[in-house]
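Undergrad: This is the feature table in TrEMBL:
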- 34-57: region 'Disordered' (REGION)
- 43-57: compositional bias 'Acidic residues' (COMPBIAS)
- G76, V79, N83, N304, L432, S436: Na(+) binding site (BINDING)
- 100-121: transmembrane segment (TRANSMEM)
- 142-169: transmembrane segment (TRANSMEM)
- 224-244: transmembrane segment (TRANSMEM)
- 265-286: transmembrane segment (TRANSMEM)
- 298-319: transmembrane segment (TRANSMEM)
- 423-446: transmembrane segment (TRANSMEM)
- 458-479: transmembrane segment (TRANSMEM)
- 491-512: transmembrane segment (TRANSMEM)
- 533-556: transmembrane segment (TRANSMEM)
- 576-601: transmembrane segment (TRANSMEM)
Amino acid sequence: MPKNSKVVKREIDDDVIESVKDLLSNEDSVEDAFKKSELSVNDSEEKDVDVEEGSDVEDERPAWNSKLQYILAQVGFSVGLGNVWRFPYLCQKNGGGAYLVPYLILLLIIGIPLFFLELSVGQRIRRGSIGVWNYISPKLGGIGFASCIVCFFVALYYNVIIGWSLFYFSQSFQHPLPWDQCPLVKNSSHTFVVPECEKSSATTYYWYREALNISSSISESGGLNWKMTICLLAAWVMVCLAMIKGIQSSGKLEIMLEPKVWREAATQVFFALGLGFGGVIAFSSYNKRDNDCHFDAVLVSFINFFTSVLATLVVFAVLGFKANIINEKCIIQNSERIVNLLNRGNLSKAIIPQHINFSSITAKEYNLVYDIIQKVKEEEFPLGLKPCQIEDELDKAVQGTGLAFIAFTEAMTHFPASPFWSVMFFLMLVNLGLGSMFGTIEGITTPIVDTFKVRKEILTVACCLVAFCIGLIFVQHSGNYFVTMFDDYSATLPLLIVVILENIAMSYIYGIDKFMEDLKDMLGFSPNQYYYYTWKYISPVVLLSLLVASIVQMVLSPPGYSAWIEDKATEEFQNYPTWGLIVCMSLIFLAMLPVPVVYVIRRCNLIDDSSGSLAAVSYKRGRIIKEPVNLEGDDASLIHGKSPSEVPSPSFGKNIYRKQTSSPAVDTAPNGRYGIGYIMANMSDMPESDL
């Protein structure tokens, strides 16, 4: 029968219409013409709208149930453990309240603008980091892959900290708390305190010996710590189950002039908002395209900031309480030493003021006696006495695990109903950590699901299983040292480079003018020109300066870690062995490797675009467009009524969808599971400026 017969043409038209009907149940945003029961190829313009709730057309991409749910997810991702133990440490270290000035300035010039940028591109293109940067600039598509690798590195050790918190949480249901007192050792003659604990403190001993059972160097593995291995497994199971469910679910002001303060403030802004991880982009990709992401960016940024300030006030209050308790103990112990010295005749009672009562001595009175003895016994001083100044205790800057698992645990032993406060504190840490972990894992799975169309549940389980297996290196007896290594080298520099490339790609490759037009089309209003100048000039300069400062610091500071020495019961700085340095450099290299690899592949056309490979995937208007692979000329001519050589490239809004007859039937369930089983004809005349 002739190819142009009406019978054959009607059969083919019916086949195309059926394909479109199937596509409507999977495509995330389609033309109004495709919402009808017929295929229209002559619409003059495309209306890129989201599927309204209650529509007969199902949206392939899951969406947030409400704006509040989305905001809470973004806040949960950005507000993490760093708000509790990193921000207060930086405030204490860099002038207290004075530190807030550079932090706020940098929040306004790099934090909010870059956060807004990531929210915008994720929401407009509705893809994860890989799809977004493939669309913006295919040659810089490696940015998305680099984000995924960095996310994976961070997830490896971040979940270990959640495991530690789970361990302390499980141990908090006891009275007294197990870290309240130093353990006693009995031998045949007498009972004595464990020397390692006596030289340090009960909470320090519990952390290093009972919880971590830490080795003396990174080279001494010591095997697996079974308690922490179980806690790590529990942490990954919690993350996996949650992700399978889906997305529903007063100082000196002159310190401000120091460049180091500004560098540390910039780094904190950078990490506090989760820039470069891909989690921000992933979460925003589930929004409707007309969502006001500018409001979201400002709101989440300031919620994060005020949360950090609130956490700092609480931390300072707890540390102040702890310092007072320790100072009182110091005064009591040293007063007893003074009484012994007086009784033995080593000190004359005449030098002690008459009003001093050592049984109820105050801090002010002790300092008076201490100064008198120091002047009288200058040559023999200190006679084993300590000054017991509360300022000295407050000046001990504590961050990270030292703050959470040593300083806070010690303070809580002095609280009334201490087990209750311990349970609540570590429950808070677990929740903060899990919120950030969800965003981190979403930054890995969403781009991969969008790009390779794999089933999200299978990918999530596989990712968590692999991460747990690799994470076993962090639950060795030397595991804490590897956590420090990954924290120092797998994220800081690579993420900074990723964000710089994001800024440059958007401002100078895609074009800041086109991006501002896209924002106006998406939001319904033009963003303030402040963002234009920030994205184009200020942010790149600040970020590049931060990169240079970070590299200089890395070169000048010897790479190493603080090792716990059991005999001395103290930490000592040790340099990494040669293999450790290789691992450190490899972490940075592996994280950044996708950027040059993808650039070279696409710059030199090393992978044929028609091969159906990754290089053939591009992104137009937030939807995957894949060029036809091995499309038979007979079929093409049947659609267009012309020979293949005569078939013109259809314009945007005149898309022809066809079902792949040679592909096996696959599950086309929503939520990004598998591919949709359709090919879309190339749209060569669509403006690249259209997001």
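Even glycines carry a Cβ here, placed using N, Cα and C.
Automatic, uncurated: that is what TrEMBL annotation is.
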Undergrad: Which range out of 142-169, 224-244, 298-319, 423-446, 533-556 gives the transmembrane segment (458-479) the most CB pairs under 8 Å?
TA: 224-244
Undergrad: As a test: from 142-169, 224-244, 576-601, pick the stretch that has the greatest number of Cβ pairs under 8 Å with the transmembrane segment (491-512).
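TA: Between the candidates 142-169, 224-244, 576-601, the best contact partner of the transmembrane segment (491-512) is 142-169.
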Undergrad: Counting only residues 6+ away in sequence within the same chain, which have a CB under 8 Å from the CB of V79 (Na(+) binding site)?
TA: I303, N304, T307, L432, G435, S436
Undergrad: Please give me the CB contact count at 10 A for S436 (Na(+) binding site), counting all chains in the structure.
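TA: Other Cβ atoms within 10 Å of S436 (Na(+) binding site): 27.
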Undergrad: At an 8 Å Cβ cut-off, counting only pairs 6 or more apart in sequence, do the transmembrane segment (142-169) and the transmembrane segment (298-319) clear the bar of 3 or more pairs?
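TA: No, the stretches stay apart by this measure.
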Undergrad: Name the range, of those listed as 224-244, 265-286, 298-319, 533-556, that has the largest tally of Cβ pairs under 8 Å with the transmembrane segment (100-121).
TA: 265-286
Undergrad: Establish whether the number of Cβ pairs under 8 Å between the transmembrane segment (265-286) and the transmembrane segment (298-319) reaches at least three, counting only pairs separated by 6 or more residues.
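TA: Yes, the transmembrane segment (265-286) and the transmembrane segment (298-319) are in contact.
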Undergrad: Starting from the Na(+) site formed by G76, V79, N83, N304, L432, S436, give every other residue of that chain whose CB sits within 8 Å of the mean position of their CB atoms, in sequence order.
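TA: Sorted by sequence, the hits are V75, F77, S78, G80, L81, G82, T307, G435.
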Undergrad: By a simple count, how many Cβ atoms lie within 10 Å of the Cβ of N304 (Na(+) binding site), its own Cβ left out?
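TA: Other Cβ atoms within 10 Å of N304 (Na(+) binding site): 26.
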Undergrad: So if I draw a 10 Å sphere around the Cβ of G76 (Na(+) binding site), how many other Cβ atoms end up inside it?
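TA: I count 18 other Cβ atoms within 10 Å of it.
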Undergrad: Let me know how many other Cβ atoms fall within 10 Å of the Cβ of L432 (Na(+) binding site).
TA: 22
Undergrad: Quickly jot the same-chain residues contacting the transmembrane segment (298-319) by Cβ under 8 Å, restricted to those at least six beyond its ends, or write none.
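TA: The answer is 71, 74-75, 78-79, 83-85, 87-88, 91-92, 100, 103-104, 107, 111-112, 115-116, 272-273, 394, 398, 403, 407-408, 411.
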